[in-house]
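A.B. asks: When I checked TrEMBL for this same protein, it listed these features:
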DOMAIN    82-317  domain 'G-protein coupled receptors family 3 profile'
TRANSMEM  82-102  transmembrane segment
TRANSMEM  122-142  transmembrane segment
TRANSMEM  148-167  transmembrane segment
TRANSMEM  188-215  transmembrane segment
TRANSMEM  246-267  transmembrane segment
TRANSMEM  279-301  transmembrane segment
């Protein structure tokens, strides 16, 4: 027998050809020997000749879609641009802060340093130093120890700074308010009293952190939702500390409360005499800080990527 095409090979006497790897057979209704081949899409893999099944949440299909493999886990790397820029800025800040601290220590007993309020200045410089140093903890590989230190120091640096500024502005306010009533000096304006008030305010932050430790012990978590892309091959899991957005805001909330209170006192003391000009720079600092924080909250919660969030937090601090 000769075929019309002239091809001596016999044509395949089948209704449907075999499906390729990663495809399932969809049988034609009423014709069991015929089927359509359908590719397993998304995070599905070929479980059998006729079915595709969804991979577990922490896994993705392999290249042939015949099984599942674990999703690659990433973290913020030190060489990432999102880490290099904050580290560079932090190093500059640490060097500048250290230079000021050394200068204060060297000229500790000079009239200028004593007039600036040495004790509160040292507390304020400590807070600024901690704000810069927390950058390295935020970029370090998350583990239980790093997550614990993040919780402690995340809001502690700002708490040091705002507690010192609040104590300063409160002291100025009480001095001039008392001066309107009598010539008697108000209570608790000595350097020792100021330190006691400042560290009492700071202890509230530490107490809140320890309660947080008891209620929710620190631990790491792999977030597969942030970078779960349409293409399974590009999916990544993000290793990070299990700190929710609400917990983060609560941790920083006390510092924000100190900042707002300090701003109120800065407004009240804006009319002090020119010779007592310490209140005005503090007031200007508080006004700008409030504006920055008002911009920070919507930007932070509107950013989906973990790396971007960490960097934005560094810039704001």
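Using the three backbone atoms N, Cα and C, a Cβ is placed for every residue, glycine included.
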A.B. asks: Tell me, roughly as an integer, the mean pLDDT over the domain 'G-protein coupled receptors family 3 profile' (82-317).
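C.D. replies: Taking every residue of the domain 'G-protein coupled receptors family 3 profile' (82-317) together, the mean pLDDT is 80.
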A.B. asks: State the residues, same chain only, that lie 6 or more residues beyond the ends of the transmembrane segment (148-167) and have a CB under 8 A from a CB inside it; answer 'none' if no residue qualifies.
C.D. replies: 120-121, 123-124, 126-134, 137-138, 194, 197-199, 201-202, 205-206, 209, 212-213, 218, 241, 243, 248, 251-252, 254-255, 258-259, 261-262, 265, 282, 285-286, 317
